[in-house]
Amino acid sequence: MNTYNFTKICMQDDNSTMKVTYTKSQSNFLQSCVAIGSLAASIPFSVAFQYLPHKPVFIVAGVISGVSTALVPLASTIGYGWFVTARIFQGMAFSATFPLAGSITANWATPYEHGVFIGLLTGNTQLSNIFTMPISGWLCSSSGGWTSVYYVHAGVSLVTFLLFLLFFKSSPKEHSWVGEKELETIGKGKVAKKTSRPKDLPFRHILTSLSLWACWIASFGDLITVQLVSQFNPQYMKNYLDYDVLSSGFLAALPIIFQFLTKLSSGIISDWITFINETWKAKIFNTIALAVAAGFFIILAFIPQEKHLLAIIIMICAESVMGCNTAGFNKCATLHSQQYAYFSMQQDSEAVVGPLTSIHHNSVHIKAKNVILPLFEPSPQA
């Protein structure tokens, strides 16, 4: 899905082996139409994750992603509408990513490892950009041109999904590499699951939960900034700071590397901290991820064009602290929704809804935001 964010700066280059010219509005729509696909697929994937095993559902998304990406160069030669269609299908495939992250965390993480699991799994957005930006810069500058970016990404996508098909199991109980001792550790303290997944989502709780609206606002603010950075980092490096295509690819990936490291460390730190309750930890990390990042972006807007190094440093700071969202609304969503984590994470990714209100007899009510977090084993700390 990220391929066009970079190739747009070399597709219309006069030196391109296959130059494609679009108006500014057409180019902007090619960037935004993936959101149409993602939103359109959110309900079908929600239904699929509700009624079907999660593994084949995600495999279908992987096939859609790989095939649609491989067809982009052909679609661009046939016509603009076909290019838009391919991009929409890329967005549809992405819609399945975060539900699976929620499902894996709910099924595989111990009650006190949700932070590190969410950090690793939602870090897919950073890891993909860390790969895409420099590789795309190199490929665009090579004899293969911008079309090779799509062929390479399609190939990598299909190979990684093949590995997923071979090794992934939805539950630790199904995996031959998980021993009895590890299985006991993973399941210890969790709320017992029902033998079958409930068929109806608690929509009434979703629409009346103050927690939902708090997380909706946080995820919306976070994701519009993530999209801004993802879409315009290469352009900022090339058109504003005046770096060449190859350098723009590597420099655009640099802040994202630091953001990924922050995501991992914030998840680990959040799990490690036990003297602060979950509500305050979520508030602190959300404030760092959103308010502190906003401050750095405001500063970046006033950096003169000739101050290249300073601009890159401020951008690294701004994007790095955004990684603290792992320990904020993302972690809250999985702790909060438990068996509905696949759905709550999807809505976080769509910036539409946050964690669900799944109330159990051992839930801990935290007054500050009226958040209900099923903390599995209530402790005096909580």
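Cβ coordinates are placed from backbone N, Cα and C, and glycine is handled just like the others.
Looking only at the domain 'Major facilitator superfamily (MFS) profile' (1-382), the predicted model's pLDDT averages out at 79. Annotation comment: TrEMBL describes 1-382 as domain 'Major facilitator superfamily (MFS) profile'.
Look at TrEMBL and you will find 29-49 (among others) tagged as transmembrane segment.
Here TrEMBL flags 56-82 (among others) as transmembrane segment.
Under the heading transmembrane segment, TrEMBL lists 88-109 (among others).
Taken from TrEMBL, the feature transmembrane segment applies to 150-168 (among others).
Annotated transmembrane segment per TrEMBL: 206-229 (among others), in sequence order.
The transmembrane segment annotation in TrEMBL covers 249-272 (among others).
The transmembrane segment annotation in TrEMBL covers 284-303 (among others). Here the transmembrane segment (284-303) has long-range neighbours at 218, 221-222, 225, 266, 270, 276, 310-311, 314-315, 317-319, 321-329, meaning same-chain residues at least 6 beyond its ends whose C-beta is under 8 angstroms from one of its own.
Note on the transmembrane segment (309-329): residues 115, 118-119, 122-123, 126, 214-215, 218-219, 222, 225-226, 229, 233, 236, 241, 251, 254-256, 258-267, 269-270, 281-283, 285-286, 288-290, 292-293, 296-297, 299-300, 303, 348, 354-355 of its chain, located 6 or more positions outside it, place their CB under 8 angstroms from a CB of the stretch. The transmembrane segment feature in TrEMBL is assigned to 309-329 (among others).
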